[in-house]
Structure formats: C-alpha cells, structure tokens
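Database features, via TrEMBL:
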{"type": "TRANSMEM", "residues": "14-33", "note": "transmembrane segment"}
{"type": "TRANSMEM", "residues": "53-72", "note": "transmembrane segment"}
{"type": "TRANSMEM", "residues": "84-107", "note": "transmembrane segment"}
{"type": "TRANSMEM", "residues": "128-149", "note": "transmembrane segment"}
{"type": "TRANSMEM", "residues": "161-181", "note": "transmembrane segment"}
{"type": "TRANSMEM", "residues": "240-258", "note": "transmembrane segment"}
{"type": "TRANSMEM", "residues": "279-302", "note": "transmembrane segment"}
{"type": "TRANSMEM", "residues": "339-362", "note": "transmembrane segment"}
{"type": "TRANSMEM", "residues": "382-402", "note": "transmembrane segment"}
{"type": "TRANSMEM", "residues": "408-433", "note": "transmembrane segment"}
{"type": "TRANSMEM", "residues": "440-462", "note": "transmembrane segment"}
{"type": "TRANSMEM", "residues": "509-530", "note": "transmembrane segment"}
{"type": "REGION", "residues": "576-624", "note": "region 'Disordered'"}
Amino acid sequence: MADVIQMHFTTADYVIFALLLVASAGIGLFYAFSGGRQRTTQEFLMADRSMSCLPVSLSLLATFQSAVAILGAPSEVYTYGTQYWFLGCSYFLGLLIPAHVFIPVFYRLRLSSAYEYLELRFNKTVRICGTVTFIFQMVIYMGVVLYAPALALNAVTGFDLWGAVLAMGSVCTLYTALGGLKAVIWTDVFQTVVMFAGQLAVIVVGASQAGGMAEVWRIAVNGSRIAALDLNPDPLERHTFWTLGVGGVFLMLALYGVNQAQVQRYLSSRTEKQAIMSCYVVFPCQQIVLCLGCLMGLVMFARYGEDSPLTKGYVQSNDQMVLYFVMDVFRDLPGLPGLFVACLFSGALSTISSAFNSLATVTMEDLIKPHFPNMTESKATFLSKGLALVYGLVCLAMAYVASRMGSVLQAAFSIFGMIGGPLLGLFCLGMFFPCANSTGAVVGLVAGLVMAFWIGIGSFVMRVSGQSGLPPLNNTAFVNMSSSIVPVLENSTAAPRPVGLEAFYSLSYMWYSAHNSTTVVLVGLVVSLLTGPMKEKDLRPGTVFPVLGTLLFFLPQRYKEKLCCVTPLASEPRAMDTKPYQTGQRVGVFSSEEEEESDGQEKETKTLPPSCQILPPCDQETSL
C-alpha cells in the first residue's frame with residue numbers, strides 16, 4: 001500500500017488539470033474582449049442583468065458545491081453511513097422560500113448588493129454592519145477553501161502544494177478581474193460539468209472494481225452504513241431527520257436566501273421569472289450532487305470496509321482519504337486521476353471566484369459609492385476590477401495564513417458557518433417584522449454573533465481538550481460552505497449525555513444557523529419594542545414581505561392593520577423603473593414627473609400601505 005501513497009501524476013493527468021485552468025482563463029478572456037468588454041459596473045458586477053435561467057442555476061450549484069464538499073461528503077458517509085442523505089429533505093423549503101420570498105423583494109428593489117436592502121429597510125449603519133460581517137466571513141473562507149484541497153492533494157499524490165495554490169489563485173483572479181460576473185457564471189457552468197464528470201468516473205470505476213452497485217449496496221448494508229430514518233428530536237444528536245431536514249432549511253436559507261454570492265446571481269437574471277426558475281432548476285441538481293457524494297462514500301466503504309486508510313496510517317486526516325481512494329482506484333488508468341483533481345479544483349475555483357466577485361460588489365456598492373456619489377462610470381468600473389484583483393491577492397495571502405494555522409483551520413470553517421445564521425436573522429427581522437427598528441437590528445445582529453461565537457468556540461475548545469466525552473477534534477471534513485464545522489470522528493463507545501454548559505456546547509452544528517438567526521430576531525424585536533417600534537409611514541415601500549397576513553389569519557382586522565399584515569403582494573404588472581438605485585431614493589414609488597406622464601392613471605403605490613407594498617413581477621427584459 002505504501003506504493004499507492006507514493007503514486008504521482010502522469011503526463012496525462014497534468015495535461016487534463018492544465019486544460020481546466022486554460023479553459024477557465026479562456027472564458028474570462030473571452031468576456032473581457034467581447035460584448036460590452038466589461039466597461040460598466042452593471043456589466044462587470046451584474047452581467048448587465050441579462051443572464052438566463054440555466055447558467056444562473058448551474059452557477060448557484062457550483063458555488064454551493066465547493067472542493068471541501070467533494071472531499072467531505074464521501075468521508076462523512078464512509079464513517080457514519082447514509083443518515084447525511086436526509087439533508088436533501090431540507091432542499092425543498094431551502095429553495096422554495098428564497099424563490100418566492102427573498103427573490104421577489106430583492107429583484108423588484110433593483111439592488112446590486114443584498115446589503116442595500118438593509119439601508120432601505122433600516123439605515124446606513126445596519127447596512128455597513130451587514131457588509132463588514134459578510135466581508136469578514138468571506139475573507140476567512142477564501143484562503144481555507146484554496147489551501148485545504150491543495151494540501152490534501154500534496155499529501156496523497158506529491159502534487160506541488162504551492163504550485164497548485166498559485167495556479168488556482170492566479171487563474172481565478174485573472175478571469176474574475178477581467179471577465180466580471182459573466183465570466184464567473186459561465187466558468188461555473190463549465191466547472192459544474194467537470195465536477196459531475198469527475199465524480200461519476202470515480203463511482204463507475206470504483207463500483208465496477210467492487211463487483212457492481214448491487215455488491216456495493218450489499219456490503220454497505222452488512223456494514224451498517226445504510227441508515228434508517230432517525231426521528232430522535234434530541235438537538236444534541238449530530239445527525240437525525242430533524243437536525244438535517246429542519247435545521248438544514250436554515251442553513252440553506254442562509255446560503256440561498258441572503259448570501260451575496262447567490263443573491264447577485266438572482267439579480268443578474270434577465271427577468272424575475274428567470275431568477276425564480278433558477279431556484280427550481282437547482283433543486284434536482286442538488287439532489288444529484290448529494291447522491292453522487294453519498295454513493296462515492298458507499299463505494300469507498302465497499303473497497304476498504306472498516307479497515308480505512310486513516311486507521312492504517314496511510315493518510316493523516318479524513319479529507320485526504322477521498323484523494324487516496326481516487327489514486328488507488330485509478331492507479332492503472334492514466335488521466336482519470338487528473339480528471340478527478342480537475343473536478344476537485346473546479347469546486348474550489350467556482351467558490352473562490354464567487355467570493356471575489358461578491359466581495360468586489362459589496363465593497364463598491366456599500367462602502368465606496370455612497371461616499372463618492374459623483375464617481376464616473378469608467379472610474380467605478382476600473383475600481384471594481386481593481387477590487388476583484390486585490391481580493392485575489394488577499395485570497396493567496398489567506399492561503400498562506402491557513403498553512404500556518406494547523407488545526408485552527410477547523411475554527412476558521414466554524415467561524416464562517418456561524419456568521420451565516422445571524423445575517424439570515426437580520427434579513428428576516430427586516431423583511432417579516434414591520435415594527436423592527438434600526439436599533440433592534442444592530443443589537444440583534446451583535447447578540448446573534450455573540451451567541452454564535454460563544455457556542456462555536458466553546459464547542460471547539462471542549463472537543464480539543466477532550467472534555468465533551470467525544471474524541472479530540474483533530475480530524476475533520478467540511479461538508480458545505482454555509483455550514484459550520486462537520487467533524488468526522490472515529491467511531492467510539494456512547495458517551496454519557498452532556499449536562500449544563502457542556503450540553504449547550506454539544507448542540508448539533510446543523511442547528512447553529514436556526515439558533516443564531518432566531519436569537520437575532522427575538523432580541524431585535526424586544527429591543528425595537530423597548531426603543532419605539534417603526535411606524536408604517538416611516539418604512540420604505542417594498543421592503544416588508546406581508547407574510548404575517550397569512551400566518552395571523554385568525555386576528556381581527558384592526559389588529560392585522562396595526563401589524564401591517566393586511567395587504568397581499570401586488571400582482572398586476574406594470575413597467576419597472578430601470579434607473580439604478582441611488583442611496584436615499586425611495587425605491588418602488590413613482591416620482592412626481594413620472595406621475596405627470598402617466599395620463600392620470602392611478603398608481604398602485606397610492607392604494608397600498610407603503611411598508612407592505614412590493615413591486616409587481618417584472619417579466620420583461622430590462623437593461624440598466
């Protein structure tokens with residue numbers, strides 16, 4: 001087996017890996033020198049709001065399917081079995097709610113940054129708080145997602161570590177800085193195809209060598225890796241139907257509902273209908289991706305059984321085990337290891353490029369433009385490209401920092417996941433509760449972040465010190481970019497149920513997002529009521545989604561009016577104002593000049609309470 005560890009890439013493997021990088025760079029160069037040549041911020045940051053459903057869907061999927069997911073999901077299933085498969089149950093509500101709640105609000109407000117919404121709903125302070133929190137979240141994650149797969153590749157195959165990091169970082173920075181969001185989306189499409197191809201190749205060849213999928217399934221059943229439906233409601237249990245199917249909904253909402261990287265793709269769609277359809281198309285694609293990861297884990301178990309490469313000492317951690325398996329399976333098939341590595345690094349490239357572009361967007365729209373409202377379009381575009389380049393260099397620097405952090409990498413992933421829940425809570429507070437004010441929003445966000453770090457860091461410290469009754473947290477795999485830490489630990493005897501603070505720290509990571517977002521909403525509402533709730537006349541039109549009217553149908557009409565939950569979503573179409581949003585503009589209402597040009601027609605904005613009014617669907621193509 002030592003010979004397997006010492007295996008190196010063949011020429012064919014290097015060629016396939018190089019083709020991935022060349023193709024990705026080529027797509028970026030194509031969009032840099034074609035069409036509008038990325039001369040405006042709308043084209044560079046928002047793809048001219050001209051993208052159709054399919055590329056947006058595949059780009060949404062690629063951002064979710066990071067390299068750490070490709071490494072983590074099979075290791076999770078190999079170690080614990082298929083209970084993780086029930087995460088697919090959360091995808092339905094996790095995509096349906098963004099499609100019919102978040103997308104209509106964001107799209108009809110004609111935003112570029114999701115955090116513009118926070119200023120429209122609250123004030124500039126809340127917007128800056130949300131933006132800074134998001135930047136902190138993404139900067140930490142970028143270096144880790146670049147370094148972790150390169151480290152695993154180096155440990156198993158001898159592939160040059162910093163050569164891989166620099167190659168990926170440079171190519172990703174190149175096509176993101178030159179080609180803008182169009183290049184990011186279309187490279188995501190290409191990289192998604194490569195990811196599917198790489199995973200399918202491993203499953204087909206691995207299952208064939210194990211005697212077929214029927215034999216793989218039989219071995220998995222005999223090895224107790226096919227999990228039944230676990231309806232245990234205990235929130236301390238790491239994976240049950242409730243933690244995965246319900247807690248997973250909040251993880252999905254944090255990623256697909258309010259994360260700038262995903263929101264930016266919705267807003268780049270040609271029409272609102274296309275944006276909503278992209279969510280529906282992602283659903284079956286996500287199920288396929290989940291199935292591929294789980295099947296790869298079962299094929300791994302069929303090959304190694306309980307005698308894993310990790311327990312034998314052939315690899316140092318679980319995230320290296322998948323690459324070891326790939327090299328083992330493909331040892332006599334030159335080129336296929338290169339295909340899987342291209343699959344792995346496609347996941348990394350898609351995630352990192354999404355981070356670059358979204359960071360450049362929020363920095364430009366939220367931190368720079370409000371202070372320089374008279375900046376020319378050419379200067380704004382040049383600065384946006386420069387920001388993408390700077391964030392690329394920051395990513396490389398963070399990869400170096402990650403290399404010096406050792407086991408703190410686990411904490412970095414945990415920090416990333418913990419921030420998603422409070423941001424989700426902040427948007428829900430503004431969108432669903434008209435009485436929430438800016439003071440409540442800021443205090444709620446701070447409370448949510450404090451709670452998140454308290455639980456996350458407390459759990460991490462307890463496990464490292466071995467006080468939790470669990471094995472030390474020294475080997476981990478990370479399952480997706482929105483989740484917190486996903487430890488893959490060796491099987492051990494059942495530990496006694498934790499009590500007190502130990503129980504608090506033992507909360508399943510799948511409940512982190514739900515717990516932290518709920519904290520933001522509850523604290524925000526209490527503080528808002530104590531400091532003076534917002535009044536309907538002070539709210540901007542289109543910033544509150546009237547969901548309370550449906551949920552509180554049993555209340556008398558006068559109480560529903562006080563809660564601003566009477567007005568349904570407007571459904572009659574009318575032309576959208578295609579002018580870009582400017583800070584301080586009341587979005588969703590017509591100006592006096594527009595009213596004069598309307599031939600006396602009564603605008604719907606006059607008949608709806610302003611806090612509940614949301615602009616009607618915009619299905620016509622627009623160009624800003």
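Heads up, the Cβ atoms here are built off N, Cα and C, so glycines get one too.
Caution: TrEMBL annotation is automatic and unverified by curators.
Scored by C-beta pairs under 8 angstroms, the transmembrane segment (339-362) has its highest count with 53-72, from the stretches 53-72, 84-107, 128-149, 240-258. It is 240-258 that, among the stretches 53-72, 84-107, 128-149, 161-181, 240-258, forms the most Cβ pairs under 8 Å with the transmembrane segment (509-530). A Cβ distance under 8 Å defines the sequence-distant neighbours of the transmembrane segment (240-258), meaning residues of its chain 6+ beyond its ends; these are 60, 64, 83-84, 86-87, 89-91, 93-95, 97-98, 101-102, 114, 229-234, 279, 282, 420-421, 423-424, 427, 480-483, 508, 510-511, 513-514, 517. Here the listed stretches are 14-33, 128-149, 161-181, 440-462, and the one with the most C-beta pairs under 8 angstroms to the transmembrane segment (53-72) is 128-149. Note: the stretches the transmembrane segment (14-33) and the transmembrane segment (161-181) are in contact (3+ CB pairs below 8 A, sequence gap of 6 or more). Listed by sequence, the residues of this chain that lie at least six past the ends of the transmembrane segment (161-181) yet keep a Cβ under 8 A from its Cβ atoms are 21, 24-25, 27-32, 38, 43-47, 146-147, 150-151, 153-154, 187, 264-265, 268, 345, 348-349, 352-353, 356-357, 385-386, 388-389, 392-393, 395-396, 399.
Away from its own ends, the transmembrane segment (440-462) comes close to residues 118, 122, 125-126, 129-130, 133, 410-411, 414-415, 417-419, 421-423, 425-426, 429-430, 468, 473, 484-485, 501-502, 504-507, 512, 515-517, 519-529, 531 of its chain (Cβ-Cβ under 8 Å, at least six residues beyond either end).
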